[in-house]
Structures are given as structure tokens and as C-alpha cells.
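The structure appears below as C-alpha cells.
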Amino acid sequence: MEDGPSNNASCFRRLTECFLSPSLTDEKVKAYLSLHPQVLDEFVSESVSAETVEKWLKRKNNKAEDEPSPKEVSRYQDTNMQGVVYELNSYIEQRLDTGGDNHLLLYELSSIIRIATKADGFALYFLGECNNSLCVFTPPGMKEGQPRLIPAGPITQGTTISAYVAKSRKTLLVEDILGDERFPRGTGLESGTRIQSVLCLPIVTAIGDLIGILELYRHWGKEAFCLSHQEVATANLAWASVAIHQVQVCRGLAKQTELNDFLLDVSKTYFDNIVAIDSLLEHIMIYAKNLVNADRCALFQVDHKNKELYSDLFDIGEEKEGKPVFKKTKEIRFSIEKGIAGQVARTGEVLNIPDAYADPRFNREVDLYTGYTTRNILCMPIVSRGSVIGVVQMVNKISGSAFSKTDENNFKMFAVFCALALHCANMYHRIRHSECIYRVTMEKLSYHSICTSEEWQGLMHFNLPARICRDIELFHFDIGPFENMWPGIFVYMIHRSCGTSCFELEKLCRFIMSVKKNYRRVPYHNWKHAVTVAHCMYAILQNNNGLFTDLERKGLLIACLCHDLDHRGFSNSYLQKFDHPLAALYSTSTMEQHHFSQTVSILQLEGHNIFSTLSSSEYEQVLEIIRKAIIATDLALYFGNRKQLEEMYQTGSLNLHNQSHRDRVIGLMMTACDLCSVTKLWPVTKLTANDIYAEFWAEGDEMKKLGIQPIPMMDRDKRDEVPQGQLGFYNAVAIPCYTTLTQILPPTEPLLKACRDNLNQWEKVIRGEETAMWISGPATSKSTSEKPTRKVDD
């Protein structure tokens, strides 16, 4: 043990003296180590790890095994190859059946041909993406860190010999490539040794498809290839191509049998369990991926009415128990005019795209949405009764640069069955949709009824007191104390805003009283709230006279009165979370779409169609105004709408003559009216907040019964957090809403001022201060700087 350090020092001293010599060369080092092997032994034992030594031994053994015997070489030099063809066939079949890589298999066969032709080396090329370029194949482990297919250049003449052969598909034997002007770049290889003689052969399948190029070469000074070498190489490649084709045909037949078995299996699955249609679609998509060896799969259905493609089932690229996972998420839609899927849906043609981003038809929106990168696509239409009802899209071939013709043919047959499955799915969806409509309708009819003749006749003869006629013009007017007059207040507002002859009075009274009947007795979203919202819209229209058309004024006032029809006191998220039939009917803006549906239902009742005097085009217009206005009360849509309006206002691009801009402004007006309780006098605002939270807490109580913890806003156990919650609501929602509205419609500034006053009151509540406030006396919504004041206490 003590001799170790001195021996090591001696070893390294001798090595150091050797390596520091100014005339040191590789030959001198090798010569020195040959004469002093103990130095190498000492150096390796002390400085080289056991893993490295093991790697050297493995490489040496592999090299020895790779070198064939003269007898074995002679077998492959027989151009008839009867002695090895069956062995070759068996070898290829075994490799392919066990999932062997075609590229690696051809590389191994090329190595045999190199030995048989006594070449110094070879290069194997395969076609790149789009089949217009070549890539050099590098087997794994040969050069660590390098890809298996390295781009070598385009397929064209006037560059390299491999590109020339790929272009012409003819074998070339060149004795001296350096002197051949057809190949200015020679072989294009960097072998470290000058190449002189080259034998370059195309690798062609039995059906004539080019799959690669084999380039054999000999170094400078060696004997050039001759015709016999060409014959040996050609014979070997020909037999290899036939063998590969034969095995692939057998595999295709096996695949066909597997496909037939699968179709029978899916048929049984469908008829045994028709309810689980999503499971059926997943089953189909999983097999489609395996059929063409794709990385991702997507199935889009066609909405011919709106000319859109849509999907809610996505391949997220994960696996569970060896099977792909498909996730059902929020539905995405895009125009049928966009993308490769849209092209297939429009034309009904199959598209095989080897390079997606190089194709101008490719729609990158889906990649941006999912964060996935699409390289190549195989897209197939699903046709039923002569019409494209869906599109199946395979994305990114896993093994190979692109989807092949075989993939395309197999997929065509598979798409026929997809059409049957999708047709059945659509039929089942329509049945389910009808069942949901029926259940909701029966529930509604069991609760609601049409107004009596006494109710609407009493309204026809009602006259509003003069004092209320004055106060109704104020933005902060409170209808609360006048419950029996609410229907009459709405009739008055209609006549003041639209004229006394705008509707038949009898139909108008029937309509109003039936709308009242269809509001449920919930704490907040009730008949009182409907009239309050309608009054705020009335005040906005009156203070912006001449800005809106007669149809818009009629439609907006009716929309406000009906905007919460048949509200159950539960939020959209609650209905969707617990699979309420309404959520099945309307996937987005659930309650808002139901409110509009109820509005149309009342209009269709006998004697209730207040728009019956309009022309058909005007009738469609006013219904669309009402629909858009009611949908706009979905607070989830408000944030994006207000942001767009703010940007347009700041940039000066807002144009009220532009219909889309006008729709956005009306949407903001509807939100402002829906939230108008925050613009009333403080006592009214405070009482309304109590009603709102009573409804929230009732929903929270229901969630607790089901074992779900509600959000703090809906938890009555956290009522102490109400003032702080209101502060956040005012700052995040109400103040921005009325600020943007005031910018666009300046006469609505009193709404913003009142909202800020109430924000101050909530801040006082948080600080524990008195919340009495001074307000203006009887006045209009204009300046009140010289009006008498009065004190209002909570």
C-alpha cells in the first residue's frame, strides 16, 4: 500500500515528460506505449474508470462479431441469392413483427452489402418531410447527441451524387467522383478521408416507391468499383425490397383482420351500452391512433347552420394503464373556412399534409390554444347521407416522417364506420336534448300560469299619480314603496319612451301581467328587480334621446322587464355543477338563454304578442335585440365587453353607427341596468344588498347539504365579510362599468356619482363609522348644485 504513491508519481512523471516533448506525435506516443506497456497499465488502472474499460471491451467484442467470415461474405456475393433469400425473408419478418424499425433494418442490410462489395464505407439516406429532400441515417449510439435523421439537402441535380440518384432513380457507378462535373459537391460526406470511387443505388419498393438511397464508397488509391459489385449490391437490395414488401403485405392483412374484429367489438359496445356515447367515441379514436401510429387524434363535428367545426373531447397526450386519455372540456369552435379540417369539411376530400406549418391552409389557432406543435396531419371526412358530418384528424406520425399511402387507405375504410357511430351519437344527442326540453317545460308549466282577465283589465284602467310621474325621471328613483303600481309604472315608461300607440294596450297589459306571473318569489331575482332594471334603462334612454331607434327602445325595455324570467335563485355555475336539465339545454349563459326562451314563449301565447303589428323582418330584428340584451346580463361576458369598449374609446375607434360596436354599448347598458341597485340612495342600496346575499346564502346552504363548501360570498357563516366583499365588487365591477358608460354616454354620469357615494358608505361601514348621508332634494338627473338637501339615515 505504501508503494502506491511513488509508483503513481513515477508513471505520471514519465507520461508528463513524454507529452511535454515539442516533437510529440501520435506515432511516437503509440511507439512509446508499445515499448513500455507497464506505463499504459499503470495509467489505465489508476486514471480510467471501470465503466470506461467495460465500454472499450464491449466495442472491441462487437467489432469482432461484426466482421463476417470469408464464407459468409461469399454467400452475399452470389447475385442469384437463392441460398440466403429465405433466411433474409425470415430475418426481416422477425424484425418487423417484433416492432423493428425499417430504417435500422435497412441500415443493417446495407452493412452486409458493404461487406459483400468490399466497400470502405457507406451512407444510407431516407426521404425527408414532403419527400423533396434527403436525410442521412445515423444509427443510435453511433454518435451520441445527434438525431437519427440528419438533413443532407434537397433532391435536385447539380449538387451531390445521392441527390442526383434520388432525382433520376437510376443506379450510378462512378470511378472518380472528384473529376465528375455532375456532382460539384461530391458525396457531401465528411469522412476525414478522401473518397474516390462511389456506387450509388436507389432503394425502391416492389410497387415503385422510392424510400431511400444507398451510397457505397472506396477511399482514394483503392481499386474502383466494377460492374460485378453493382450486380451484387443491386441483387441484395432487390431481394431486401421484395422481402420487406412481402412482410408489410402480410402485416397489412393482419391489420385488416384486426380492424374487422375491432369493428365488430365496437358494434357490440354500442348496442350493449348506448348511453355511454362518449366512451364509444373514445374507443374509436384510440383505435384510429393505433391504426396509423399517430401521436394525437381529434374528432370535430360540423355545425352546418353556423358553418363551424366544434369539439369538446380532446386527446391530451397522456396515458392511463397503457391507454390514451381523452378529456372532455369546454367546447371550442372555429369557422369551417379555416384550417385543414375546415378544408376537408367543405370539400369532403382526404388531405395528407406532410408539413403542416408549410401549408397555408393550416389553422394555428388550435396549436395556440393547446400549446401543442403540429408537424404533419392526416385528415379524413366523415360522410353520412351524402353530407360531411364530421372530420377525424390524425396528428404527427410517430415512426416515420409523414403518414403513408397505406395509412391513408386504412383510415378511409375506418372513417366509414366513424360515420355510423357519429350518426348514432347525433341521434342520441337529439333525443336527449328533446327529453331535457320536455322536462324543463313540464316543470315550468307546473309552476307558472297565465294572468287572469281581471289582472290585465285592471292594468288597462290604471293611472299613475302625478308625483310618481315626476320622480320616475330620476336615475335614483326607488320603486320599492309602490309595489301595486309596478305594472302601471312600466306601462307609463313604455308610453313615454315609445309612444302611446307603439303597442296595442290590451296585448301589452296581458304581456306585462303574464311576465309578472312568470317571476318566482326569490329574494332578489324577482318581479321587483325586473321593474327596477327596466326603470334604469328608461332613464338612460330618456337622457340620451335620439340616439336609439324605435325598435331598439322597444326591445331594450322589454328585454329589461324579461331579463330574469323564471329565475330560480341559483347561479349558472350551480346549475352546471349539479347537472340541472337547464345546464344540459344551454352549455353557456345557462339562465340567460332560459330567460330569453321564456320571453319568446310568453310572446307566443294567445293575445300576448305585442310585436304582432311589425313586419316579419322587424319582428326578427326586435327579437334579436332582446336576445342579445338578455344574454349580455351574464356577468361573465361583461369583463371582456367592457375591456373592448374601453380600448375602442381610448383609441377613438368607437363608432355607434357600426352595428358590432353598437351591440357592445347596448351590452354595457344592460350590465349597468342590472347592477343599478348600487346607484340608488344608500338605504335602498343597503336593503337590496341584504336581498342579494339572502339568495347567495340559500345557494350556499344547498351546497353544504351536498357536502360542498361554498365560496365565502355564499357562506352565511361569513356574513361579517359582506362589507369587504362589497368593496371588492364596487372596485372591480361596478365603478369600471359606470366609468366606461359615462365616457361613452355622458348623460349617465349620475349613475357613476351615486355608485361612488355608496362605495364611500361601504368604506364607512368597514371603518365602523356612521353611514348617514346627505343627498339632493327633488331634482332632475342634471346638476343639483343649488338644490335644497335633506339627510337620509340608514
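A Cβ is built for glycine as well, from the same backbone N, Cα and C atoms used for every other residue.
Bear in mind that the values here come from a model prediction, so they are computed numbers and not experimental data.
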Further 3',5'-cyclic AMP ligand in Swiss-Prot, beside ARG296, CYS297, ILE340, ALA341, THR374, HIS525, GLN726, within candidate set GLN393, GLN542, GLN743, GLN761: GLN393
Among ASP407, ASP674, ASP701 - the residue Swiss-Prot places in the same divalent metal cation 1 site as HIS529, HIS563, ASP564: ASP674
Between HIS529 (divalent metal cation 1 binding site) and GLN393 (3',5'-cyclic AMP binding site): CA-CA distance (Å): 49
In three-state DSSP terms, the structure that ILE340 (3',5'-cyclic AMP binding site) belongs to: helix
Length of the line joining the Cα atoms of CYS297 (3',5'-cyclic AMP binding site) and HIS563 (divalent metal cation 1 binding site), in Å: 42
Cβ packing number for ALA341 (3',5'-cyclic AMP binding site), 10 Å threshold: 28
Using Cα positions only, nearest of the binding-site residues to HIS529 (divalent metal cation 1 binding site) (ILE340, ALA341, THR374, GLN726): GLN726
Remaining residues near the recorded divalent metal cation 1 site, that is with C-beta within 8 Å of the centroid of the site residues HIS529, HIS563, ASP564, ASP674: HIS525, ALA530, VAL533, CYS560, HIS567, THR633
All-chain count of other Cβ atoms within 10 Å of ASP674 (divalent metal cation 1 binding site): 22
Packing count at HIS525 (3',5'-cyclic AMP binding site) (other Cβ atoms within 10 Å of its Cβ): 23
DSSP-derived structure type at THR374 (3',5'-cyclic AMP binding site), helix or strand or else coil: coil
